[in-house]
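Trainee: Found this in TrEMBL, in case it helps:
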| type | residues | note |
| --- | --- | --- |
| DOMAIN | 28-355 | domain 'FAD/NAD(P)-binding' |
| DISULFID | CYS75-CYS80 | disulfide bond |
| BINDING | LYS84, GLY148, THR177, GLY178, SER179, ASP340 | FAD binding site |
| BINDING | GLY212, ALA213, GLY214, TYR215, ILE216, ALA217, VAL218, GLU219, GLY299 | NAD(+) binding site |
| DOMAIN | 375-484 | domain 'Pyridine nucleotide-disulphide oxidoreductase dimerisation' |
| ACT_SITE | HIS474 | active site, proton acceptor |
Amino acid sequence: MNIIIMARKMLIDGEKGNPNGEETHYDFDLFVIGAGSGGVRASRFSAQYGAKVGICELPFHPVSSEVIGGVGGTCVIRGCVPKKILVYGASFGPELQDARNFGWELNERNDFDWKKLLHKKTEEILRLNGIYKRLLANSGVKLYEGEGKVVGPNEVEVTQLDGTKISYSAKHILIATGSRAQRLPIPGQELAITSDEALSLEELPKRAVVLGAGYIAVEFASIWRGMGATVDLFYRKELPLRGFDDEMRAVVARNLEGRGINLHPSTNLTELVRTEDGIKVRTDHGEELMADVVLFATGRAPNTKRLNLEAVGVELDKIGAVKVDEYSQTNIPSIWAIGDATNRMNLTPVALMEGGYFAKTVFGGEPIKPDHTNVPCAVFCIPPLSVVGLSEEQATEQANGDVLVFTSTFNPMKNTISGRQEKTFMKLVVDSETDKVLGASMCGPDAPEIMQGIAIALKCGATKAQFDSTVGIHPSAAEEFVTLRSVTRRIAAGSNPSLESTRYESEEKRLEEGKMSMEIFEAPFDHEMGEATKKVQFSPARSS
């Protein structure tokens, strides 16, 4: 056995020495606090390896708090799943408009029943909540409904619904409590809602103000706008979606504006005031506007405050995230943590991966580190953004050689008929020295579905030559990824390509101003006409 793996196994198996030399007996091999996606995955897989597993979770409610939650966690109950249902609902409004040019005769007025969609959404999350409970039961995992906390390196205490407290010993304890939405500390903050409440509003707002620039902010802005509301989106930076590729951020901003969302970059809220007409919103630029709903989408914090972790010696960082090593183990060998509670990469599929790898490491006899590279993700704004790998900015810092950027902007076939003025944008970032594709991005219909396949290619280390040699599916948007032939720009390794301060302009405008030149190249296949043709590709203007 590899020496490192053997040492890891000894650390995992290690426990306090018994003065009598006898093996310590525990109620459970593993006790998990938190039955969200990661916690359920870890407990089920551990049980399949033969471990005796217990898990605790707060009672079910669509809106979380310190004393309510539900099996399934944020993603199933008040996150990814209900949000995606609302995104589907919001997408039908524009689709109905587009359908007319495809021959559909529709009423001038097509009413939307918010409460019906809300009821269907609740039905679905209750169904999934039940499925998760059955998965635990079928795996032999004992579920306790109540609030859990750590009271020792090998002991947890569960406060049951009737208030009684019961302690259980466990050889290993896993923290999988996720994260919780935060509020901006300004006067009137109690008048705002978080994403939890936004998924369960009794009435659909006619005027919505959204504060934030991340996933949740742009997604809810898209949802409410798609359902007919007037939406104002405020954020502190010049572009939304900090941390994403700058060029893709600009594309999303342009699409949000194109859908009728009012953007307020470099702006923060300073006060909320209740009036007879709704909520008066004040900004740091002296603006005032009225809203029916104000959503704070200003980030989430690890849900660790009530776990008693620091009292038993577990190290937390300044925002309350559990500090773990590359195997998800804390500084206390018997205590582990995964998912949002560790604030490493806060995505449901990542928590699932970490939960599965934890089980394999601790009970499967095969220590394995979660791999957080080339993790695809999607922002379900309308149309959606999806990415995998490095952004252009990250690639420029990390690549072995110069970075080659390939881009394509085109009008999807569906839009050419419907008349919708909304282009799809695709991008590949390539290391010129190795030809390896470092990152891929897409903003347009079906982007997440397409990017999942691209993620497999990047995980396998695909090169641009391999993309080029792949036959496309025609007609489809996805085939554009295998027909990108001309370099849009070449960036010297180590330079700083960030253009956030000046924002990305449209290619047409940059061309008019002489910032870009046009290159004509031979495309093997034209997407519209189905024959070999000349195509136009934009590239940085050369100095004369």
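Glycine residues also receive a Cβ, built from the backbone N, Cα and C atoms like all the rest.
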Trainee: Name the one residue among CYS75, GLY212, GLY214, VAL218, GLY299 whose Cα is closest in three-dimensional space to that of GLY178 (FAD binding site); these are the recorded positions.
Mentor: CYS75
Trainee: Select the most exposed residue of GLY212, GLY214, GLY299, where exposure means the fewest other Cβ atoms within 10 Å, treating these as the binding-site residues.
Mentor: GLY299
Trainee: Taking every protein chain shown into account, which of the recorded positions CYS75, CYS80, ILE216, VAL218 has the largest tally of Cβ atoms within 10 Å of its Cβ?
Mentor: VAL218
Trainee: As a test of reading the model: what is the averaged pLDDT for the domain 'FAD/NAD(P)-binding' (28-355)?
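Mentor: The predicted confidence over the domain 'FAD/NAD(P)-binding' (28-355), as a mean pLDDT, is 96.
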Trainee: Note down the number of other Cβ atoms within 10 Å of the Cβ of the residue listed as 'active site, proton acceptor', including every protein chain shown.
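Mentor: So the number of other Cβ atoms within 10 Å of the residue listed as 'active site, proton acceptor' is 11.
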Trainee: Out of GLY214, ILE216, VAL218, GLY299, which of these binding-site residues is nearest SER179 (FAD binding site) by C-alpha distance?
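Mentor: Closest candidate to SER179 (FAD binding site), judged by Cα separation, is GLY299.
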Trainee: If I take the Cα of GLY148 (FAD binding site) as reference, which of the recorded positions CYS75, GLY212, ILE216, HIS474 has the closest Cα?
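Mentor: It is CYS75, whose Cα lies nearest.
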Trainee: Give the residue from the binding-site residues THR177, SER179 that has the most other Cβ atoms within 10 Å of its Cβ, counting over every protein chain displayed.
Mentor: THR177
Trainee: Across all chains shown, how many C-beta atoms besides its own are within 10 angstroms of the C-beta of ASP340 (FAD binding site)?
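Mentor: Taking every protein chain into account, the count is 31.
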Trainee: Cα distance, CYS75 (disulfide bond) to HIS474 (active site, proton acceptor), nearest Å?
Mentor: 35
Trainee: Please tell me which one of the binding-site residues listed here (THR177, ILE216, GLY299, ASP340) sits closest to CYS80 (disulfide bond), measuring Cα to Cα?
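Mentor: Out of the listed candidates, the nearest Cα belongs to ILE216.
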Trainee: According to DSSP, does SER179 (FAD binding site) fall in a helix, a strand, or coil?
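Mentor: Assignment for SER179 (FAD binding site) reads strand.
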Trainee: Using DSSP, how many residues of the domain 'Pyridine nucleotide-disulphide oxidoreductase dimerisation' (375-484) fall into helix, strand and coil, respectively?
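Mentor: So the counts come to 36 helix, 33 strand, 41 coil.
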Trainee: Using C-alpha positions only, work out which of the recorded positions CYS75, LYS84, THR177, ASP340 is nearest to VAL218 (NAD(+) binding site).
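Mentor: So, spelling it out, the nearest of the recorded positions is LYS84.
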